[in-house]
Amino acid sequence: MSDRIDSDAGREEAGRNLPPLRLHVPEPKFRPGDSADFSDFDIPPAGAQARPDETAQPAGMRDLAYGLVRVLDEEGAAVGPWDPKLPPEMLLKMLRNMALTRAFDARMFRAQRQGKTSFYMKSTGEEAVSIGAAAALASDDMCFPSYRQQGILIARGWPIVDMMNQIYSNKGDRLKGRQLPIMYSARDAGFFSISGNLTTQYPQAVGWAMASAARGDTRIAATWCGEGSTAEGDFHSACTFASVYRAPVIMNVVNNQWAISSFSGFAGAEATTFAARAIGYGIAGLRVDGNDALAVYAATRWAADRARANAGPTLIEHFTYRVEGHSTSDDPGAYRSADEASHWPLGDPIARLRKHCIALGIWDEERHAAMDRELAEMVRDAAREAEKNGILGHGLHHPMESMFEDVFEEMPWHLREQQQKMLDEWKAAGL
Ligand SMILES: Cc1ncc(C[n+]2csc(CCOP(=O)(O)OP(=O)(O)O)c2C)c(N)n1
Ligand SMILES: [Mg+2]
């Protein structure tokens, strides 16, 4: 009792000379009108990071959570211990899948502007994150993506017409217009239904991975969220479960610097890296150049091998940049410098892999230009095909009354009543 009185008195005494408490409110370095300058970024040269054994203890690899695993150097050469030494056909496949993802994004963005769909989200500048990972995972590993990993579906050969049908919410949409455009779900592609509620996929992925291990299966799970989403509680509970049970899961944080209009500082980037979140949980943490498809591949492969060896989960931060707006509903010109994308020091992921392929003598500018033309035509043809099934506002959607179906095996009386009421009201309104 007397101790408490003493310490209270001491605080009152000291308080007279203390400055008022205040909060630190992060502020991005550049705002509209500023010219962006990233010259103070600490970017280690390609090949500089050590590559520990896949089964190494997390405590021995802390540096990797603060560095940047990079394979492609400025000249387009693949260097250092993380070079995955991929065969030419695989490099070209990854290059093509990244270019296809970009062509798909361009077409669907335009479709939204033309009023054919209500919503779209591009992944421009972040294509290496999903394409590099998809190439490194086994085709039956289970993916729990966020809304910016459409590249995984593309890399797994999912029909782009099917993706477009979902975006158009038309009669060809397997999800019957019940999901926001781009919130795909493709069980056969090992692509879990995307949820708009940020980071819910994290505990789901860890739970799936735990179930896979509990059954003695060999498949692992991988999940993705944005850097802003790491502020969600779900991120942290997922890390705890993954760490405790050494779940066979890869947890990817795509640090594209922005969470709609909030810069990464609001999720903690001023204090430390996102990969360093792993350290507190005793999880292996890798920080990777997310615009280097080979680094993404190598890190994912390392983490997948680790998970398959029962050596535990890995948290990978992909350091990248969101080149376009958050979604078609966003105007980044209102909150960030227009300069940022062009000054981004880690370049463009497609241009970097193209340069590598050209340096290897397996590719050239002419073939690349021809491929871009071919992919644009392919995407245009697919869009025409999908549009035959309907576009926004043209009535070619699943019957409205079907919205009451598929929740219960047998529709309960109150839903049947509501369904009938809706149909009666429409009839009365002459619809
Ligand atoms: C639980 C929850 N909170 C807020 C939102 C609104 N919201 C949608 S996307 C987004 C930003 C997410 O940013 P980040 O995690 O960095 O991913 P990015 O969009 O950059 O890929 C926010 C705040 C939401 N969908 N769900
Ligand atoms: Mg982000």
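Placement of Cβ uses the backbone N, Cα and C atoms for every residue, glycine included.
According to TrEMBL, the feature region 'Disordered' maps to 1-58. Taken from TrEMBL, the feature compositional bias 'Basic and acidic residues' covers 1-15, 24-34. Among the features that TrEMBL reports, domain '2-oxoisovalerate dehydrogenase E1 alpha subunit N-terminal' is placed at 19-58. The feature domain 'Dehydrogenase E1 component' is assigned by TrEMBL to 96-391.
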Tally of DSSP helical, extended and coil residues in the compositional bias 'Basic and acidic residues' (24-34): 0 helix, 0 strand, 11 coil
Residues from the same chain, set at least six apart from the ends of the domain '2-oxoisovalerate dehydrogenase E1 alpha subunit N-terminal' (19-58), whose C-beta lies under 8 A from its own: 64, 67-74, 77, 79-83, 263, 265-266, 270, 278-279, 282-285, 289, 292, 298, 302, 305-306, 309, 311-312, 333-340, 343-346
Number of helical, extended and coil residues in the domain '2-oxoisovalerate dehydrogenase E1 alpha subunit N-terminal' (19-58), per DSSP: 1 helix, 0 strand, 39 coil
Mean predicted confidence [pLDDT] for the domain '2-oxoisovalerate dehydrogenase E1 alpha subunit N-terminal' (19-58): 96
